[in-house]
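Student: I have a structure here, written as structure tokens, and I will follow up with some questions on it.
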Amino acid sequence: MMLKALCLGLLCVIFVSHFYTPMPDNIEESWKIMALDVIAKTCTFTAMCFENMGIMRYEEFISMIFRLDYTQPVSDEYITVTDTTFVDIPVRLYLPRRKSETRRRAVIYFHGGGFCFGSSKQRAFDFLNRWTANTLDAVVVGVDYRLAPQHHFPAQFEDGLAAVKFFLLEKILTKYGVDPTRICISGDSSGGNLATAVTQQVQNDAEIKHKIKMQVLLYPGLQITDSYVPSHRENEHGIVLTRDVAIKLVSLYFTKDEALPRAMRRNQHMPLESRHLFKFVNWSILLPEKYSKDYVYTEPILGGLSYSLPGLTDSRALPLLANDSQLQNLPLTYILTCQHDVLRDDGLMYVTRLRNVGVQVVHDHIEDGIHGALSYMTSPFYLRLGLRIRDMYVSWLDKNL
């Protein structure tokens, strides 16, 4: 019996040490974040094992876990919640019950999940959008765009744009009592990518009558043109989201071909004709010195992939590739970045690029922040960090929208 207990204990130690990532000194609730990190990496490890054994694909296993967290559209005394469609695109709609003498503000929210996972029905996003609607007395729309790898780019972008254009129709704004001059597009992580790309499209499309007042981008992923920016190096084995997982997910956004993530890990995936785009993501120029530190900039190697994927040079997929003329028309922008996040530098570079062309930008940087913190706002996995980011987000909207 003692031998069995000893073997079991040894096995647990080996298991935990395999997934253990040292916590930075400034992390709040470090024991809880450590546990969440081990859970996330255990799920990733299990999914990869199943994929290698031919049982199921990586993304199928992770999606199965995500779906366990989906909620029903439950209304309460303050908010009416319904699942409906905007031109065949599923959305979750939050409408305040109290009477309003004037038209309401509105927020369109794109959930994160690496383009492959998640839904506005997830407990955390349902909680966030319900909180936003109630606190701001605003109409909130959570968009459930199609997911990769069943649907590759540009399906997600097209769904997001179609939903926003539908909502901006005069008859729809009137139906929901929305003020067309007080509409915001928001998103976190990959949802921040879609929010960015859709906002760029809407603001530059002369045929769209009503424009967006502001955009909110929460730890967004905006490029993979250079997969060796400082935040990728610092957070290669990062908390919750590692560099390898980030590369795998963004690869599935474009293709199931394993050659792409292999080339991305070596920073050799961009096509030969893409050199002119590197100026838009040159972190040695765009990052504040605090974040570029002593890292040496090396231009990505071109042509490491035997074929060309158009999406890799398309600003609808990678919004940081948009040229300056596309950025000049953008509205007031709020960007939140997290220090311990592999995607940190995407948001930081976008702040610089927007300010360089005269766009008004408010930037908050969370020194003890980790990627995906908004996913941890509800029991049993709530973090004070997630609630803090929620409050910063909603407070800023309340003051500016």
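Every residue gets a Cβ built from N, Cα and C, even glycine.
Look at TrEMBL and you will find 1-18 tagged as signal peptide. The domain 'Alpha/beta hydrolase fold-3' annotation in TrEMBL covers 107-257, 311-373. Positions annotated as active site by TrEMBL: SER189, ASP341, HIS371.
A description of the local structural setting of each listed feature is requested, covering burial, neighbours and distances.
Tutor: SER189 (active site): 28 other CB atoms within 10 A of its CB, across all protein chains.
Taking Cβ-Cβ distances under 8 Å and a sequence gap of 6 or more within the same chain, the neighbours of ASP341 (active site) are TYR219, SER231, ASN235, GLY238, LEU241, GLY369, ILE370, HIS371.
In this view, HIS371 (active site) is surrounded by 26 other Cβ atoms within 10 Å of its Cβ, with every protein chain counted.
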